[in-house]
Amino acid sequence: MQISSNKMLFGFFALSFGFFLETGICAAGKGILFILEPYTISKGTQLEGFCMDLLSEVAKKLGFKYRVQLVKDGSYGRQDDNGNWNGMIGEVVRGEADLAIAPLTLTAAREKAVGMTKPFMQTGISILLRKDISEGSGFFDFLTPFTAETWVGILIAYLGTAASIFIVARISPCEWSQPQSEQNRFSFLHSLWYTAGALTLQGAGPHPKALSGRVICCSWWFFTVVLLACYFSNLSSSKSSESAQLMVKGFEDLANQDTIEYGCLAGSSTLAFFKNSNNPVYRRIYEHMERTKSFVSSMDEGVRRAKEGNFAFIGESVSLDLAVARHCELVRAHEVVGMRGYSIAAAFGSPLIKNLSVAILQLSEAGELAYLRSKWWASSCIADRTKSSPVQLHSLKGMFLVLSLGLGLGALLAVLELTSKSRRGAVEQRKSCCTVLTEELSLRLRTSNASRPQENVDKDKEKA
């Protein structure tokens, strides 16, 4: 097998030790190794990766020395029809290696042949696809740029602005100078229509004439311009990343379609899971793969076919996560089934298994395993990781504050305009300013159309 220093497809290793149980110190022995990124990566004469770091941490806790080398046949370990094991498991069974540290799935068959520690990593079975295999947009996807709270806030702002325009248009004498004879142009329905027209950047006449009404309109126009800019910016970002919404969200979707071909690694524990399952969906998936012979011979081949499109590669979730981190055009389905763990293998009945399990649990409780996972599975797809999220209400608090100040200023100007007119009227009518102001407010706010009562009085006089 050729091993590339730039891109290592598979890597794991088995380690051989001689142990002095009386003192708890381990002497180095024969070992074997096989490359699988990022578990073990060859950097010239040096080895690095998740498993190398794990081995180093376990060795510190248990106080042993070790040396490693490549596994002879470059496989994990599979049992043939005669019951013999190959790969890493076979070498541990035959005593050629004392220990095997790798993404080695803990299965019942392997547990019968060798000793397995507590899992150092949890994994499962999932689906790898191209990002451009996406579903059609939903009916209400246009609402996704904003959260529900933001939409409620926008609705309240809309109704509040319309109500402010309606009230200011009635109070301001510059907008409605003669309530007894003139009809108010800004009914509540027209105020709603006028405010909605601003959202389309088109407007809807007539426009306010008074300074107070114009201040409110300018505040609302500024609010809508910024709001629309945020909306379309976030909508564009969400559309560019909508590929995360896969047409195949899980195994049931995969089994119920015949457009996308799918397969898994031949002879893998993933294939055994589907083969031995009594779940009707999983059985259909296995029968389809068996009928179409859509198996792949390596992880590399599965990733390559998924990148080419129209192929879903079924594999272990941690391996698929690594492929997603390295290949930005790929994405893993959210559903994960058949949870299992990766364990360290030793000779059957070895007393070291207990100590290794305790060390692994200690590393897990200390957060070391999570740190190693984030270290070696770091994504290189920086742009893809900046997925847009709906705009929160607190992100637009500045816009709402400016709008509120505009509405308040407009209402204040309207009151000042009416007060100025009332003062002039008070001098002419020889009444107090407060009395005239109260009468003006009562007249302007009493009815929806103050000219109609005057018309009715005139008609009554004519009839009489």
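Glycine is no exception: its Cβ is also placed from the backbone N, Cα and C atoms.
Copied over from TrEMBL:
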{"type": "DOMAIN", "residues": "32-379", "note": "domain 'Ionotropic glutamate receptor C-terminal'"}
{"type": "BINDING", "residues": "P103, T105, R110, S269, T270, E316", "note": "L-glutamate binding site"}
{"type": "TRANSMEM", "residues": "150-168", "note": "transmembrane segment"}
{"type": "TRANSMEM", "residues": "188-205", "note": "transmembrane segment"}
{"type": "TRANSMEM", "residues": "211-232", "note": "transmembrane segment"}
{"type": "SITE", "residues": "V248", "note": "site 'Crucial to convey clamshell closure to channel opening'"}
{"type": "SITE", "residues": "K275", "note": "site 'Interaction with the cone snail toxin Con-ikot-ikot'"}
{"type": "DISULFID", "residues": "C328-C381", "note": "disulfide bond"}
{"type": "TRANSMEM", "residues": "342-363", "note": "transmembrane segment"}
{"type": "TRANSMEM", "residues": "398-416", "note": "transmembrane segment"}
Quiz prompt | Spatial neighbours, same chain, of R110 (L-glutamate binding site) - Cβ under 8 Å, 6+ residues apart | solution = G77, I89, L104, M116, A345
Quiz item: So what's the average pLDDT for the domain 'Ionotropic glutamate receptor C-terminal' (32-379)?
Solution: 85
Quiz prompt | Closest of V248, K275, C328 to T105 (L-glutamate binding site), Cα positions, recorded positions only | solution = K275
Practice problem: May I ask which residues of the same chain, at least 6 positions away in sequence, place their Cβ under 8 angstroms from the Cβ of E316 (L-glutamate binding site)? | Solution: P103, T105, T123, G124, I125, S126, T270
Quiz item: Neighbourhood of the L-glutamate site (P103, T105, R110, S269, T270, E316): other residues with Cβ within 8 Å of the Cβ centroid, in order?
Solution: Y76, L104, T107, T123, S268, R340, Y342
Self-check item: Among S269, K275, C328, which are recorded as recorded positions, the nearest neighbour of V248 (site 'Crucial to convey clamshell closure to channel opening') by Cα
Solution: C328
Quiz item: In Å, rounded, how far does the Cα of S269 (L-glutamate binding site) sit from the Cα of K275 (site 'Interaction with the cone snail toxin Con-ikot-ikot')?
Solution: 10
Quiz item: How many neighbouring Cβ atoms, not counting its own, are there within 10 Å of the Cβ of T270 (L-glutamate binding site)?
Solution: 21
Quiz item: Rounded to the nearest angstrom, how far is the Cα of K275 (site 'Interaction with the cone snail toxin Con-ikot-ikot') from the Cα of C381 (disulfide bond)?
Solution: 35
